[in-house]
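Here's what TrEMBL has on this protein:
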DOMAIN    12-695  domain 'Myosin motor'
BINDING   Gly105, Glu106, Ser107, Gly108, Ala109, Gly110, Lys111, Thr112  ATP binding site
REGION    572-594  region 'Actin-binding'
DOMAIN    835-1009  domain 'TH1'
Amino acid sequence: MESALTARDRVGVQDFVLLENHTSEAAFIENLRKRFKENLIYTYIGSVLVSVNPYKDLEIYTKNHMERYRGINFYEVSPHIYAVSDNSYRSMRTERKDQCILISGESGAGKTEASKKILQYYAVTCPASDQVETVKDRLLQSNPVLEAFGNAKTLRNDNSSRFGKYMDIQFDFKGAPVGGHILNYLLEKSRVVHQNHGERNFHIFYQLIEGGEEDLLRRLGLERNPQQYQYLVKGNCPKVSSINDRSDWKVVRKALSVIGFSEDEVEELLNIIASVLHLGNIQYGGEDSGNAYITTDTQIKYLARLLGVDGSVLKEALTHKKIIAKGEELKSPLNLEQASSARDALSKAVYGRTFTWLVNKINVSLAYKVTPHTYKNASVIGLLDIYGFEVFQHNSFEQFCINYCNEKLQQLFIELTLKSEQDEYEAEGITWEPVQYFNNKIICDLVEEKFKGIISILDEECLRPGDASDITFLEKLENTVGGHAHLTTHKLTDGKTRKVMGREEFRLLHYAGEVNYNVNGFLDKNNDLLFRNLKEVMCMSDNKILTQCFDRAELKDSRRPETAATQFKTSLAKLMEILMSKEPSYVRCIKPNDAKQAGRFDEVLIRHQVKYLGLMENLRVRRAGFAYRRHYETFLQRYKSLCPETWPSWQGKLADGVSTLVKHLGYKPEEYKLGRSKIFIRFPKTLFATEDALETRKHSLGERESHVSHAVVVQAWWKGILACRRARRRREAANTIRRFIKGFIYRHNERCPENEYFLDYVRYSFLMKLRRNLPKTVLDKSWPTPPTALIEASERLRKLYMQNMVWGYCKRINPEWKHQLEQKMVASEIFKNKKDNYPQSVPKLFVGTRLNGEEINPKVLQSLGSEKMKYAVPVTKYDRKGYKARPRQLLLTSNSAVIVEEAKLKQRIDYAALKGISVSSLSDGVFVLHVPTEDKKQKGDVVLQSDHIIETLTKVAICADKVNSININQGSITFTMGQGREGIIDFTSGSELLVAKAKNGHLSVTAPRLNSR
């Protein structure tokens, strides 16, 4: 940075702290002008960066510039937004303390662009991985989405942020960005329904109309003409030369996809945006009684479809309000003015809450995903991009809130700047001299103090019963705080001031100057109320976004919602806590002119901004002690040639070397102080004299050392070697690229010298990709897509690999698991897509038996003799007469199926005699074993029920070798009851399992449906 001091007459100083006349506002602005004319838009005040909007593209944001500032000491290079970004990042990494960068300035000063540059710097220079790249993309893509929904064209700025934004960027222990979180403040909802002449509504409306596809617009009921919509014509500015709504629409749609919005969410979001336009086109007529009625039913039809609400209910809610008195609901008709206000209030509420939902949705996408392999505590860098101090010809409630916010930020700014200075002095062991400064706490208290602050008075007037109005609020203000030194009104002021103040205005003397606020609309904007029945309609919406925006709990909550000013005051207090917990850096943005012209420097406008940004106050605090401070090593390295004892190198302690140097230079004791690791110089003229001496010394050193020409020869020889090496590498790189391109051109030809390098590279690349992406299991059927020349080879490799995988898998299977799989295969062959409860049986292992030896009567085992029992399961048998349920046991042996009642063998069915098995397609466990009617040993078919139907029948099918004899029926099963009679089992779907005899004499089985087929 010191290297630019020699050009200070032409380009000014890079740090305002080095201004000789640091108390002169004219000198401050002249330094800004010099640098602006040379396209040097950045200047420091100590560690604070002052940025002037150039209104043109400057080639200072390339990757090379990013690398130039990466990891470099803050003062070693010229001022830049990248220097602030890198300094915050390195402080976070080395000190493990959260950082924040506060960006402020008026609309059009370049705040949003500054925050974009910071995000881009981190996206390019921070460590990366696939997950990190996703987070980086989402962080960057959140900007166009928030700009579309939260920015608008104003008289001062074609892309003005109409909300305040604080974004936390979270970094892991490696320093890679892994997440983010956004807080939004005070969206200018009034812009939805009204814009001043020459201004526009939020960008998204124009982007949708200009860029939306024809089918989309037709579905939304929109025309490709913004002049057709009442909410878009009030500013009389549908098109702006610097804005391409059509291309911006494509950017926003892509950004929504990158962030993670589903197609359904995008559709519902656009439904809401279109519905706001339709709401604005609702027209009212007046009855003779004065009551309003809607004259545009077409808009109601569109709104009912887009919002997913009942059209008649919405229509009534837009013309009536619901009042609850003594527990009774009353509906009161609205007049024309009230109905129009209700419509506009609904539009503002829908858009404002949707914007909050949008921010929350982006936060979910950016959330830091903690896994077992990640460290939970992420470090944070916060970015505050918030509105600057605003003074218009007409200042209302929004300007009051914005300027209150700036008062709080100025209070924090001065406190933290003083604290930073004091901490540095104490760390270096230099006596701190108290600094006198204007403490604007008195103004903050005037606005926010409980019970007697302006916000409390405004809330009280909003909440009190009776005829409260903006004028009664002004009167109460005069009565309560009329004697305050920083507030006056038309009534309280002197005759001279009354001439420039309206009767409906009050004036606050801010730290940045006087501002007159017109109280008209203060109460309405602070109340921000929405009629109850309109809330009820929104709560009934089928639109999933609106159901999240309008919570039904609101309707049950009898408490009055907090006012807009109180909500803003609370959120501002939380923001102050966040900022106080972090190490701050500051970017102060300045707009050079109102015409948005490059190269034009409006001194009056800039003087105004210098004042309300508090830059002179900041400079005075920074210069209260020493203007310049540097580490001993940096100072000695630069100026050592000015002293014979320190040139060409100093061998002792750094502090001793600096002390020797400054004594030789003739520094007076009052001009400097030596700290523990830094030298502090009080006056810029001392530093300038040293810098001028260094310039003179450089020339003399050059003349004196001309005799070392042999060193030049060696240097030239070595440079030649390095140049040859570089040339050889470039030549080899060019040949490689040339061969690659030529091979790509001839890639479809037979192998030849022109394409052999390319084809070999393609083969190698595919094999390496295949190596990294081989399937891990036999069920994984994925396989990288091969290039055309390797399709056959790829298919052979795939078959060989899969055969090897299957062989290896089979080799690892033990006998028990093999038996289990064989049984499962049989079950799949029989029941898959046929029996309703089959899918539930798949994950359950089949067991060897469902009855152990103790549960089977010893007499039964004795009766079986030498027959080996393969499976046993408890079942329920249904009698042939009356279908009475009786508990039984089903035993499967090598030759037969045996039905047992306690110690008796009730029935034995040889597998050879088993004709078949019938079962239903439902989820019941009833099945029938069919036996031959001519077999006199059998009494007829057997009707059984098992809780493990899939397992039981699979075992029977395997033991009896009847896999193809199991019939799965739908509706009913007919079975033989003996003596030539037949029985029928009817199967129906129901809510629960029920088996009983029906009135028609059939056995009725009702089973719940588990899976749809």
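Heads up, residue numbers simply count up from 1 along the chain you see.
Cβ coordinates come from backbone N, Cα and C, glycine included.
These numbers come from a predicted model, not from an experiment.
Cβ proximity to the ATP site centre (mean Cβ of Gly105, Glu106, Ser107, Gly108, Ala109, Gly110, Lys111, Thr112, cutoff 8 Å) flags the following additional same-chain residues: Asn53, Asn157, Ser160, Gly388, Cys589, Lys591. Within 10 Å of its Cβ, the residue among the binding-site residues Ser107, Thr112 with the fewest other Cβ atoms is Ser107. Summarised by DSSP class, the composition of the region 'Actin-binding' (572-594) is 9 helix, 8 strand, 6 coil. Looking only at the binding-site residues Gly105, Gly108, Gly110, the densest Cβ neighbourhood within 10 Å occurs at Gly105. Summarising the environment of Ala109 (ATP binding site), the number of other Cβ atoms within 10 Å of its Cβ, over all protein chains shown, is 24. The Cβ of Glu106 (ATP binding site) has 23 neighbouring Cβ atoms from other residues within 10 Å, across all protein chains displayed.
For Lys111 (ATP binding site), the number of other Cβ atoms no farther than 10 Å from its own Cβ, over all displayed protein chains, is 27.
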